[in-house]
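Features as listed in TrEMBL:
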DOMAIN    6-498  domain 'Metalloenzyme'
BINDING   14, 64, 442, 443  Mn(2+) 2 binding site
ACT_SITE  64  active site, phosphoserine intermediate
DOMAIN    84-299  domain 'BPG-independent PGAM N-terminal'
BINDING   125, 155, 156, 187, 193, 262, 263, 264, 265, 336  substrate binding site
BINDING   401, 405, 461  Mn(2+) 1 binding site
């Protein structure tokens, strides 16, 4: 048996799917000599990265959180979307203690329940059906006043559809006889995850003070943004003060339910509402005795109630490598840092022993298509400089996904070419040290930059499969088809000669008859 290869480097390209060549496929349009060559020379296959293959409902596109969670745990982890939807279907949602208390505690008081979240059917960070269930629950609990703070999407949906979602909310309000939309904020502001606190501040002040743009109706606010050249994602926080929609600010003693179920873009705005020693911007108003419910666990140490707790993953890949005494490095730029740490490690915030982490700042620009490569060069330089120090290195290239969300095809091609060039540089260094380079992705996006039905820019994720390539391992001669993202971790363990624990449901993709290195036993 050959010795364990060192290092094993796993590159997760964010938003890089496999699709037919056509005029809207940025990967096919780009110059990608390295990617093309490794597919010819080394064993490769494709992996399912959407729907029930990753723990989502059928036909739902994958996303970065789900992708990294499945890759890092070696399991198909049921995601929050189907879990919450199932709870609504079986009525357990309506007896959830955290939610029930949010409504009942304000009965017989002058306080209000505020409901905040991404109002779309994208299913990546939230789902509008969950908002509707909360309004049903408010009626059932006898609540008289519900203030809705709409976050508009335009990223996991088409760019100009928020008026349709607001109309659906108005229909539900009329049905239950409770609620009004009090603010409208684009996700660019309300759901920042890159420490752009000036964006969060605008949404915070709109909700707590009523400071910001004003409109008589949500539809008018959105129409005004469209006239100014802004799509749904970029709608400036707007206070709704029209007749029948009188604004009420979030006040002391109120309840606030945040129905987003994905943590990375929920953390910053949540901190602004609940952290007593918050210093990222000056809060003109702080809310005392606020009962804040997050739909899921957003971040360690946040003083909030959690409605739906995540599945406990005991043995993600990072822990198995740590327990085997191996050193590992996780690298990403700030936009995707949570994905190579918290999500890849199965929902664990802290690092494991012998696990190091490096975050490279993402560019400080208003839209990433202004810098299509983002921090790809810096990520690459960081990995190369540490190549001999670790047994395993995980890196994420963010730009294909982030540029894909802008709908800018020309910039997407540049992003793809930047990643291809950087992977070639990393692979050259890996070859010099007899390491192994594994290339995959978390979901599709950049391979479909144009909606094939409408011809409009396509900013959403796709349901396409993703590549999986094992380069420079002479023991790996073939990979099976029919795999999914949860098969990545067991494959890495086989390459590194470590037995996978029983909890790891995925199966190695390697069809070579012999192991690549001496097998050690993982904890069970």
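Residue numbers in this text run from 1 along the chain shown.
Every residue, even glycine, has its Cβ placed from backbone N, Cα and C.
In sequence order, the binding-site residues near residue 461 (Mn(2+) 1 binding site) (Cα within 10 Å of its Cα) amount to none of 125, 263, 265. A simple Cβ count within 10 Å picks out one of the binding-site residues 14, 156, 401, 442 as the most packed, and that one is 442.
Within 10 Å of the C-beta of residue 64 (Mn(2+) 2 binding site) there are 27 other C-beta atoms, taking all protein chains into account. Between the CA atoms of residue 193 (substrate binding site) and residue 64 (Mn(2+) 2 binding site) there is a gap of 13 Å, rounded to the nearest whole number. Each of the binding-site residues 193, 263, 443, 461 was scored by the number of other CB atoms within 10 A of its CB, and the lowest score belongs to 193. Each residue contributes its Cα atom, and for residue 443 (Mn(2+) 2 binding site) and residue 263 (substrate binding site) these two points are 18 Å apart. Taking the mean position of the Cβ atoms of 14, 64, 442, 443 as the Mn(2+) 2 site, the remaining same-chain residues with a Cβ inside 8 Å of that point are 12, 15, 49, 62, 63, 67, 68, 339, 401, 441, 445, 461. Candidates 156, 263, 265, 401, 405 (binding-site residues) were compared with residue 64 (Mn(2+) 2 binding site); those inside 10 Å Cα-Cα are 401.
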